[in-house]
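Undergrad: Mind looking over this structure? Questions follow.
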Amino acid sequence: MPNKKILVTCALPYANGPLHIGHMLEHIQADIWVRYQRMKNNEVYFICADDAHGTAIMLKSKQLNINPEIMIAKIQQEHYQDCCDFNISYNNYHSTHSEENYELLNSIYTKLKKSGFIKSRFISQLYDAQNNIFLPDRFIIGTCPKCRAHNQNGDNCDQCGAIYTPLDLINPKSAISGKSPIIKKSKHLFFDLPQFTKSLYTWIHSGVLQEETLHKVKEWFKLGLKEWDISRNEPYFGFKIPNTSSKYFYVWMDAPIGYMGTFKNLCKKNKNILFEDFWSINSKVELYHFIGKDITYFHSLFWPAILESCQYRKPTGIFVHGHVTLNGSKISKSKNNFINVRTYLSHLNSDYLRYYYATKLSSKINDIDLNFNDFMLKVNADIINKILNLASRNSNFITQYNYGYLSNSLENSNLYDFFIDAQYLIGKLFQQREFSEAMRKIMQLADKANQYIDKQAPWHIVKQHGIHNKNIALCIFSMGIQLFRVLVIYLKPVLPILSQYSEKFLNTRLSWNNINIPLTNHKINKFDIIFHRINTNQISSIINK
């Protein structure tokens, strides 16, 4: 019987171009956690979708001279394939440009309006007169009014985290034309976020946020919550607001609702899953959002307020991570400091990046640097030299001289107990998303396993003739395989390709439930080398793309 029901989401990739390896950090982090939960017999549903609306998509499709619906459908398939090839175990990968999202969005908006949470008023906006378009926040570039950092977007500063309006920006420019925009008035619709100040303040202190996130969110409360503009003027690609002639829902109105729309789509595919069980206000299901630090405001304030106002449940936890830097510098397409997922996959195994990110990830919100020299050294040292070498050096004798059968007893039961006792600490670290520390503990065990084999030196015992000596050597080699099995069980949430291969090699399913039971008198298969050391040529090919 499953212990718990859990719904996990990743933030929705934007459907205006290919994914780069920085994007994969979140998908990998969430997938490791999800795979661990499934190994512990929890019933987990893991979903994501493409964020498929907004001015950026409209402009991109114009630039490519393609219908935006055709463009987002193509990109959605590319994103999904990238996730599949990184073995991200989604139960459903959908799109916000869907029937389910449209229905939920309109239903929620109607409830908000009926409850008096939608206000309307005229506001001053920046307008690109050359292109006849009101400029979205992300299409206005200027200097942050708080820290004076240059080249910041019109809604928030990625240097100091300040939240502001485009009119607050110093020396704003249109990112479309490069010209200084003019100020123009327009009527907009607002969600009355301040109405939820008290309930949100209580909720953020209920343990749903990391300590670092909580401190940041409390700063926004000190400044005072503001009404949230949920409308955009045409031209725009998205869903029209009911009973308006030229207004569309702001992308950040329909994007979080995309979590619900994607799950509703999954319910259509699987009639045994009931939408209300997961989203009703009294739901006992645990709901977790994995997100990047730059979208904390939307998920910690705007989104739970929308859910509360419509009598839906709020998230159990919001797990925020930092950004990925590449060789010490911010990932930037304009500066050619980025690597697309497809480029990486054309040269290297996805397990390698999954492992490297795991060695860097924790429950903190620190940025993670992908240094390719460190990446190569760590993967070669840990996965190749420590883990796979343990299987390789111990399996040959067993398959050649004992028909693949492991010995019928453990050579060192105390050592085996030491390895399986680590499951409690390692499991706790996985549960708390302290993957870096979990990898460190696992590699300490790998070192201990290899030291045991080095000290016993069964290859020397084999050279001493006699059945007795061969049996002693068999027990030692078998012990090495027993320890390898425990290690790959611990690594299974991180390395799906390696664990799948190891299950074929060991001729058994790798399960946390039977880790205590060794494979005595058990037949294994021949060990084949499917993982290879990373070399500098491969790294150069990726970097130079």
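From the backbone N, Cα and C atoms, a Cβ is placed for every residue, glycine too.
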Undergrad: Looking at 13-23, 211-221, 530-540, which one does Swiss-Prot call motif ''HIGH' region'?
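TA: From Swiss-Prot, the annotated motif ''HIGH' region' range turns out to be 13-23.
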Undergrad: Could you tell me which of the ranges 75-79, 185-189, 330-334, 465-469 is annotated in Swiss-Prot as motif ''KMSKS' region'?
TA: 330-334
Undergrad: At the Cα level, what's the spacing in Å between C147 (Zn(2+) binding site) and K333 (ATP binding site), rounded?
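TA: Computed Cα spacing between C147 (Zn(2+) binding site) and K333 (ATP binding site) is 24 Å.
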Undergrad: Would you mind listing, in sequence order, the residues at least six apart from C160 (Zn(2+) binding site) in the same chain with a Cβ closer than 8 Å to its Cβ?
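TA: Looking at Cβ-Cβ distances below 8 Å from C160 (Zn(2+) binding site), excluding near sequence neighbours, one finds C144, K146, C147, A149.
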Undergrad: Which site among C144, C147, C157 has the most other CB atoms no more than 10 Å from its CB, taking these as binding-site residues?
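TA: Of C144, C147, C157, the one with the most crowded Cβ is C144.
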Undergrad: Cβ within 8 angstroms of the Cβ centroid of C144, C147, C157, C160: which residues besides those meet this for the Zn(2+) site?
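TA: The surrounding set, listed in chain order, is P145, K146, R148, A149, Q152, Q159, G161, A162.
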Undergrad: With DSSP as the yardstick, break the motif ''KMSKS' region' (330-334) down into helix, strand and coil residue counts.
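TA: When I sort the residues of the motif ''KMSKS' region' (330-334) into the three classes, I find 0 helix, 2 strand, 3 coil.
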